[in-house]
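K.L.:
One structure, as structure tokens, below. Some questions next.
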Ligand SMILES: Cc1cc2nc3c(=O)[nH]c(=O)nc-3n(C[C@H](O)[C@H](O)[C@H](O)COP(=O)(O)OP(=O)(O)OC[C@H]3O[C@@H](n4cnc5c(N)ncnc54)[C@H](O)[C@@H]3O)c2cc1C
């Protein structure tokens with residue numbers, strides 16, 4: 001083996017795109033391009049078969065290096081471990097970098113003594129110890145790197161259409177939505193610019209964005225959550241741009257955490273799901289309270305299809321099915337209505353619907369929010385003194401009724417006075433509006449006042465049981481200094497029910513207050 005044979009060994013890099021569908025702030029992609037002679041970008045449509053796909057590609061292209069962004073969620077760990085083992089076996093260098101989240105969730109867990117912080121408040125304390133997240137890294141430079149596909153793509157490398165993948169619209173409104181999202185990094189960066197301008201104006205007025213107080217429900221689709229979910233926008237870029245804007249406007253050196261609070265909620269839910277493959281379930285999930293929810297299919301179908309008879313709830317559910325996105329206030333309303341507010345139906349059934357339709361459906365974030373709204377975990381566990389009233393809350397969020405009229409066209413001509421409770425309109429008003437309740441639009445499926453009272457009583461009963469368990473739990477509570485340690489220890493000793501109950505009994509006995517996500 002002379003020096004010549006060493007010199008011919010080319011560096012052939014593959015960057016495996018999964019989340020992180022972007023060029024900017026992509027540290028794994030930068031590693032891929034370092035000293036690369038040839039570069040291939042790969043996306044595997046069925047992520048689970050990655051370990052079958054790579055051996056063929058490695059051989060065909062003579063690959064020497066594989067890079068990818070860390071996917072922190074446990075659902076992907078098995079797949080990634082298999083691919084890492086494969087690289088080791090085939091002597092392919094494997095590089096994984098963190099950039100889907102602000103911090104590496106494993107660092108947070110380590111800083112918290114080996115277990116994830118069980119409340120958002122604790123999480124914020126731990127991040128203060130860990131320090132500010134890393135800044136975004138520079139853009140990639142492809143100079144001198146050979147790319148295999150032509151500029152316009154060719155038959156071998158073209159992106160398949162939805163039809164080729166066997167994905168078809170479910171309804172006409174789905175094929176022609178009133179308002180829809182476009183994907184891609186360019187669009188994400190355009191939206192970010194608009195978003196930052198709005199943030200700047202709010203800072204100049206001495207405010208944060210009043211997103212949940214006066215939500216713009218019929219405006220253009222501007223949300224960045226689909227882009228954060230797929231990684232066409234870097235969360236670190238977003239975070240640091242908000243920081244910079246705040247500092248420019250206020251000339252301040254310190255930035256309050258509240259201005260990036262929503263991004264921190266995202267981190268929190270990610271961190272909580274690491275090492276918890278049952279995070280999206282009730283059974284076997286050590287942080288989730290076991291509640292005897294109903295599984296009433298008839299009622300569930302009405303909720304899911306936007307046929308509850310409550311126009312605010314129906315508008316939200318119909319927008320979700322038709323457009324794949326709804327505002328946070330809508331998500332909270334429909335999730336509360338389905339679970340602890342009115343129907344007492346299992347949050348996992350709601351999660352399935354959200355996972356199916358949301359364009360930003362995110363394994364950790366979606367399940368975390370469902371547990372939160374249903375009072376099944378975190379600070380929120382059994383803390384539900386109030387629930388969303390589908391009439392009053394709807395009126396507050398949609399004061400002119402434009403949103404309800406857009407998504408529930410049956411009520412187009414219903415006077416605003418009755419729009420959120422059309423069953424109260426006199427028969428003549430219903431006839432004139434062309435919407436008779438029971439004929440053109442369903443009557444309310446439950447009486448909210450009664451249903452919410454029943455749900456509240458059920459929650460109180462569960463709370464009582466948890467209080468009753470406190471004596472036996474004192475043992476576990478004395479094991480360590482912090483609740484999360486106690487929970488961990490009790491989990492080993494008594495099993496998951498006690499694990500959660502230790503935590504709950506502490507929360508029930510304290511008066512927990514704090515911000516909602
Ligand atoms: C039942 C339920 C399910 C949800 N499921 C999802 C989901 O699958 N994916 C998802 O991204 N968000 C989810 N959310 C959170 C939230 O509704 C959306 O992130 C938000 O509506 C996105 O709009 P925005 O980009 O304008 O948010 P902004 O208020 O502008 O926030 C900026 C970003 O912060 C993050 N964020 C905001 N709110 C939350 C939150 N409560 N929890 C975690 N991260 C948050 C998002 O990435 C968002 O894009 C859910 C909320 C509820 C109540």
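The backbone N, Cα and C atoms fix where each Cβ goes, and this holds for glycine too.
Here's the feature list from TrEMBL:
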DOMAIN    1-102  domain 'Photolyase/cryptochrome alpha/beta'
BINDING   262, 263, 264, 265, 266, 267, 268, 269, 360, 361, 362  FAD binding site
SITE      293  site 'Electron transfer via tryptophanyl radical'
SITE      347  site 'Electron transfer via tryptophanyl radical'
SITE      370  site 'Electron transfer via tryptophanyl radical'
K.L.:
So if I measure Cβ to Cβ from residue 264 (FAD binding site) and keep only same-chain residues at least 6 apart in sequence, which ones fall under 8 Å?
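P.N.:
Same-chain residues close to residue 264 (FAD binding site) (Cβ under 8 Å, separated by 6 or more) are 102, 120, 123, 124, 127, 257.
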K.L.:
Residue 370 (site 'Electron transfer via tryptophanyl radical') to residue 268 (FAD binding site): how many Å between their Cα atoms?
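P.N.:
Spelling it out, the Cα of residue 370 (site 'Electron transfer via tryptophanyl radical') and the Cα of residue 268 (FAD binding site) are 14 Å apart.
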K.L.:
Which of these binding-site residues is closest to residue 293 (site 'Electron transfer via tryptophanyl radical') if you go by CA atoms: 262, 266, 268, 360, 362?
P.N.:
362
K.L.:
Once the DSSP letters are reduced so that anything not helix or strand counts as coil, what is residue 347 (site 'Electron transfer via tryptophanyl radical')?
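P.N.:
DSSP call for residue 347 (site 'Electron transfer via tryptophanyl radical'): helix.
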K.L.:
Just to be sure I understand the contacts, which binding-site residues have a Cβ under 6 angstroms from any atom of ligand 1? Candidates are 262, 266, 268, 362.
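P.N.:
What lies within reach of ligand 1, judged by Cβ under 6 Å, is 262, 266, 362.
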K.L.:
According to DSSP, does residue 268 (FAD binding site) fall in a helix, a strand, or coil?
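P.N.:
Once the DSSP labels are grouped into three classes, residue 268 (FAD binding site) ends up as helix.
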K.L.:
Long-range neighbours only, meaning 6 or more apart in sequence with Cβ under 8 Å: which ones does residue 266 (FAD binding site) have?
P.N.:
101, 228, 235, 365
K.L.:
Considering the binding-site residues 360, 362, which residue's Cβ sits among the greatest number of other Cβ atoms within 10 Å?
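P.N.:
Of 360, 362, the one with the most crowded Cβ is 362.
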K.L.:
Using a Cβ cut-off under 8 Å and a sequence separation of 6 or more, which residues in the same chain sit near residue 347 (site 'Electron transfer via tryptophanyl radical')?
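P.N.:
In sequence order, 282, 293, 335, 338, 339, 370, 371, 373, 374, 376 meet the Cβ cut-off.
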